[in-house]
Structures are given as structure tokens and as C-alpha cells.
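*Asks:* Take this structure, written in C-alpha cells, and hold onto it; I'll ask about it next.
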Amino acid sequence: WKKLYLAHHWPVTVCKMSANDCQDPPEYWTIHGLWPDKTEECNRTWHFNVTEIKDLMSDMRHYWPDVLHSSLNRTQFWKHEWEKHGTCAATLQVLNSQKKYFGKALELYQHLDLNSCLLKAGIKPSSSYYQMTAIKEALTTFYGVTPKLQCLPPEEGEKAQTIGQIEFCFTKELQLRNCTALKGESNPMQADVKLGTEELSVCSDTLPTYYPSQVQ
């Protein structure tokens, strides 16, 4: 693989997407996962073991919660992320254990500090619409790279898309880079963003964009 995606999702949108037992989703961007492009389930014998990340537990629950299932004891989401993506990321020495993989994802998340970047740009959850180009511009100005934005397309009768996921790309040296494909790179499979019945897709630059503050 060539690059890593650190995916943040917006819990309110995630809750809007599928039948689930979401309760009071956090009103801040949380981690969806740290994904190498082009690989999944690289080592099926390397099973998730929650005791390896016990030191990270309070951060994991806060910044990487299972938004769809509010029980704090569930580790299913992390298990899925480790088995599907972590076992592939582990070809890098800095990510070659469960503790390193989850710990580094938390570190990158805190370093990016997406929540405060958007606030500084005056972009906060609201019932009025944003221009997608304004959101992109704020992020690109702040980080100096182009992230990838995923939205929930308008439902019938709606005119706006709903922002759901913001992904930042990193090189194998864990330096920020543009998410656009370079020559000779293929774009990774999009299968990971299907939650429940509805799917996120790349945000449209022309549709008004909803950044919802609570579950309707």
C-alpha cells in the first residue's frame, strides 16, 4: 500500500444513517479508522486482544467510540478495525502491534485537531447550510493538503447533502499528503463507508451542505 487514511466521522450523521441504538452521539468528530489503501485482512491469525490497549482505554472510549452502539463495554468496532486494517498497517514498524496501531491513530487524531480547526474557521454544526467549497478551502488552508470529504447524498425531498466523514492522508512516513491519487496509484475501495442501508459518497461541490448538530 502507498498511503494511510485517517478517517474521522461525524457521529450525528452516522446515527442518521442506519437503524441502530445511537444515544446522545458525541458532538465532536471521532475516529472511524486508520486505513492503508488497497489492502484488507492481511493476517487472519492475528486476533484482536483488548488487553493490549488497556492503557489507551479512556482515550479510545472518548475519541474512537462505537457510535452506533452506545454500550461502553463493546470492543467489536475496534476488533473489526484491527482485523481489517490494522493487520495491514502493521507492515510499518511504527504500527506493528495493536498498541502502536491504536496509539498512533489517537496521536495523529489529536495532532490534527480537526474539531478546533473547523471551529476556528467558523464552521460549526448548524441548521443552515454551508458551501462544500468553503469547508474544503478552510481545511486545505489550515492543513496545507487536500483531504477527502464524504457526504450522505440528499434523501428524497431534500436539497442538501449531509457531511459524514473527513479523511486525511498520510505517507508511510506519517507525513500529511494530499488524498488525491498520484500517478500510478489506484483509489482504494470505498466499501468501508457503508453503514446500515445508506452509503456515504464523495461530497458534491455544488450541493448545499448540512452539518447537523443533533439527530433529527
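Even glycines carry a Cβ here, placed using N, Cα and C.
What TrEMBL records for His32, Glu81, His85 is active site.
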*Asks:* Rounded to the nearest angstrom, how far is the Cα of His85 (active site) from the Cα of His32 (active site)?
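*Replies:* Computed Cα spacing between His32 (active site) and His85 (active site) is 11 Å.
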*Asks:* How many neighbouring Cβ atoms, not counting its own, are there within 10 Å of the Cβ of Glu81 (active site)?
*Replies:* 23
*Asks:* Restricting to the chain of His85 (active site) and a gap of 6 or more, list residues whose Cβ falls under 8 Å of its Cβ, or answer none.
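*Replies:* The list for His85 (active site) reads Gly33, Leu34, Trp35, Pro36, Thr39, Glu40, given in order along the sequence.
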